[in-house]
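Structure provided below as structure tokens; questions to follow.
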Amino acid sequence: MSRAARATVNLSALRANLRTARAAAPQQRIMAVIKSDGYGHGLAVVAGALTGHAEAFAVTDADEAEALRAAGFRERIVLLQGPFAVDDLARAAAADLELVIHAHWQVEALAQAQLASPVTVWLKVDSGMHRLGFPPEEVQDAWRRLTEASCVRADIGFLTHLACADDRDDPATERQLETFQAACDGLPGPRSAANSAGVLGWPASHYDWVRPGIMLYGASPFVDGRDEQPALQPAMAFQGRVVAVRHLRAGDPVGYGATWSCPEAMPVGVVSIGYGDGYPRHAPSGTPVEVAGQRTRLVGRISMDMLAVDLRGLDPVAEGDPAILWGGAVRAEEVAGACGTIAYELFCRMPPRVRREPVDGETL
């Protein structure tokens, strides 16, 4: 019998969440963000589910893009961090990849490049996040230099990233959009600013292309505490199995460091998932988990390959019963909130030893 640490990936949920993005921005084209191995869901798995539904894919670098091309995907692919070195330009031309250009050296490299075919580029504007991109006062000159490069296609796009859109009450997003619009004023070409939070919460950010990311995987992009949340379907169920049921006495400690002790005589389940599977070691006692279809909580510290759960008040649980760490009744956002992190990190930190198993239906 295998250890059974696995993550089922619901292809129907991925497509349903993309339809939610489409409904929020019906006039725009969709650049589905599938970087970081499809947010941990599997790059080719996610691309396969969304082929024919998104107009383009966005990944981090040429390695991810070339993997998609090798797997047969012909959609437009945008490299969100652009070229990391001059030789990435030839790779982009060979694989028909689109480049986000955010630095002067990239502009100069394109000006001097002799490529087998021209490339499409997106000029990144630093509208206020201060991570990558050209300051607003440099955008016009950078655009002019790109138009003079013989290896750059004429339809240069403009792109920015929103730093605070996850808080629908933060005025920083409006300021960023004003900065972006002013920086690109009078220049032709498509615009893109909306991440998942922009798609769902900031219609003014939609422009020509939207870039849904975390929402495709069923997690809310918002952190502002408003009651209204998007109706998104979790695409991943992270699952293990109960490998032991222990009947402990009042006062018995559980796990490393004896940080948690049984308040009464009680059953405790041991589940075959640990921090070696990407589950956060710092998850506190009380973090929600589903066991045998019933909601309960963690007790004690997380081990490398195991964790313990409270079985009090549940219908009988037996060895071999399923445990779902997130997905189903327990959302990844709940686990992330208990751990002081975000769902993005939970998805992306999952290692290869956790099997990804695509399913195409309503049941995870």
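Glycine is no exception: its Cβ is also placed from the backbone N, Cα and C atoms.
Straight out of Swiss-Prot:
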ACT_SITE  Lys35  active site, proton acceptor
ACT_SITE  Tyr256  active site, proton acceptor
BINDING   Arg131, Met304  substrate binding site
MOD_RES   Lys35  N6-(pyridoxal phosphate)lysine
Return one of helix, strand or coil for Met304 (substrate binding site), based on DSSP.
coil
Provide the number of Cβ atoms within 10 Å of the Cβ of Lys35 (active site, proton acceptor), excluding the reference atom itself.
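For Lys35 (active site, proton acceptor), the 10 Å Cβ neighbour count is 20.
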Could you tally the C-beta atoms, other than its own, that fall within 10 angstroms of the C-beta of Arg131 (substrate binding site)?
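Excluding its own Cβ, Arg131 (substrate binding site) sees 10 Cβ atoms within 10 Å.
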Counting only residues 6+ away in sequence within the same chain, which have a CB under 8 Å from the CB of Tyr256 (active site, proton acceptor)?
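For Tyr256 (active site, proton acceptor), the qualifying residues are Gly300, Arg301, Ser303.
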